[in-house]
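Residues or ranges marked as region 'Disordered' in Swiss-Prot: 1-21. Sequence annotations record features per position, and here Swiss-Prot assigns transmembrane segment to 45-65, 78-98, 122-142, 153-173, 182-202, 220-240, 275-295, 312-332, 368-388, 389-409, 426-446.
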Amino acid sequence: MSDAEATAPRSSWRFAGRDEDDQPSLREVNSTIAVPSSGVWFRRLFAFMGPGYMVSVGYMDPGNWATDLAGGAQFGYTLLFVIMLSNLMAILLQALAARLGIATGRDLAQACRAYYPRPVNFVLWIACELAIIACDLAEVIGTAIALKLLFGIPLIGGAILTALDAFLVLLLMNKGFRYLEAFVIALLIIIFSCFAIQIFVAAPPAGTILHSMFVPSSEIVTNPAMLYIAIGIIGATVMPHNLYLHSSIVQTRAYERTEKGKRDAIKWATTDSTIALMLALFVNAAILIVSAVAFHNTGHQDVAEIDQAFELLSPLLGLGIASILFAVALLASGLNSTVTATLAGQIIMEGFLRLRIPNWARRLLTRGLAIVPVVVVTALYGEKGTGQLLVFSQVILSMQLPFAVVPLVQFVSDKKKMGNLAIPRGVAALAWVVAAIILVLNFKLLYDTLFGVG
């Protein structure tokens, strides 16, 4: 095979050859974004800014909206501490994912394929694909609800229309990865702005907010209903596909592939994801705060559905466009999640199976598998069934989480894989504690959901 043949992009469905095992993740965009090796800190941070914001999208999807709305409506500001705690856990795990990708030059899926036997990898791949479909399911539902609220499009029609976003992703990818990142960041700014306006109008008590965010209430664990919502918030926080995604897209930066260059890249990539996840913290906290002010404080504690919140926000907050801002933010969230789910699906399929397929085929396949259940359930059971399907998608994501968290913490703790860039023992111990907490709470959420507890 000539050099030209080896580097030329291929659009057909095929399994990569053995000679391509060392090919980087997302090789068409790997090392395509220049980074300065010196200069003012802001220029260097700006060069690395992007992957963290793409990852943060998964922390604001419709599954998070549902739990935050319910938490604020039922329990006021009390669960803000849980949102803060879950966000700190996410910051740690995403930093580890970035470290793995930069230190080894492999994404999490490639690292799993190299380490585990084939049967284990097959199980991991199936679990990942189910998680991608579940994530896409939430995005289809969220986008369809937003289209209905804004334009009156029926849920079934809105769900079918979401297939068109496949072409948006392809257009942006063809223009360059930086354009894709810019699109995501622009939509994040829209989401942030919508909730900043609503927070300003709601005017919550700052002292109470800060106290609830940093001082936990014993009621969180003594009140079964509150504990159930708290587990739901944590369970919906760390998206398993985000760990695969982040370990890959940090490699789009053309940092020096030396130990010094990698250490520098880890520092800036971690800074990028930490700032982006603080934005996600604001959005999730804002959803809960607005819900608490508009619903909990006005006797509407039973509000749990997104469309209920839309109907009540404007009259309760006294701002005519409050409901519109809410729906616009939901639409932006759904569109954004589309981009990251597409990339994660490509990374997982190439990493585990070495199967390379055209981006348009990957997108339409994943989105098609998500649209079908939404259309069928909506046709048979109406909008209530769609809401239950949204909850079910979060349960599927919870089931997949162990298959991403455990290998990640195992790999970044391994000096044979990471060399001098392996995490220190103290960080490893903390990571295992965080992993254990998330796994236990997710399994409890799964049990409670299946058996009707809470």
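Quick reminder: no glycine exception, Cβ is built from N, Cα and C everywhere.
Predicted, not measured: the structure shown is a model, and the values here were computed from it.
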Hey, does the transmembrane segment (389-409) touch the transmembrane segment (275-295), meaning at least 3 C-beta pairs closer than 8 angstroms, sequence gap 6 or more?
no
Can you name the far-off residues of the same chain, 6+ from the ends of the transmembrane segment (220-240), with a Cβ under 8 Å from a Cβ of it?
58-59, 61, 63-64, 67-68, 70-71, 74-75, 78-79, 81-83, 85-87, 89-90, 93, 128, 131, 135, 284, 394, 397-398, 400-401, 403-405, 437-438, 441-442, 444-445, 448, 453-454
Most Cβ pairs under 8 Å with the transmembrane segment (122-142), selected from 45-65, 78-98, 182-202, 389-409, 426-446:
389-409
Do any residues of this chain, six or more beyond the ends of the transmembrane segment (182-202), have a C-beta under 8 angstroms from a C-beta of it, and if so which?
50, 53-54, 56-57, 60, 172, 279, 282-283, 286-287, 289-290, 293-294, 313, 317-319, 322, 325-326, 328-329, 332-333, 335-336, 339-340
Go through 45-65, 78-98, 312-332, 368-388, 389-409 and flag the stretch with the largest number of C-beta pairs under 8 Å relative to the transmembrane segment (426-446).
389-409
Spell out yes or no: are there three or more C-beta pairs under 8 angstroms between the transmembrane segment (153-173) and the transmembrane segment (368-388), with each pair 6 or more apart in sequence?
yes
Sequence-remote contacts (6 or more beyond its ends) of the transmembrane segment (45-65), Cβ cut-off under 8 Å?
33-36, 87, 90, 94, 98, 135, 138-139, 141-142, 145, 177-178, 180-181, 184-185, 188, 191, 233, 236-237, 239, 241-242, 245-246, 249-250, 252-253, 265, 268-269, 271-277, 279-280, 283-284, 287, 306, 330, 333-334, 336-337, 339-340, 343, 390, 393-394, 397
Near the transmembrane segment (389-409), which same-chain residues lie under 8 Å Cβ to Cβ, leaving out any that are not at least 6 residues past its ends?
62-63, 66-67, 93, 96-97, 100, 108, 111-112, 115-116, 123-124, 127-128, 130-131, 133-135, 137-138, 141-142, 232, 235-236, 238-241, 243-244, 247, 373-374, 377, 428, 431-432, 435, 438-439, 442-443, 445-446, 449-450
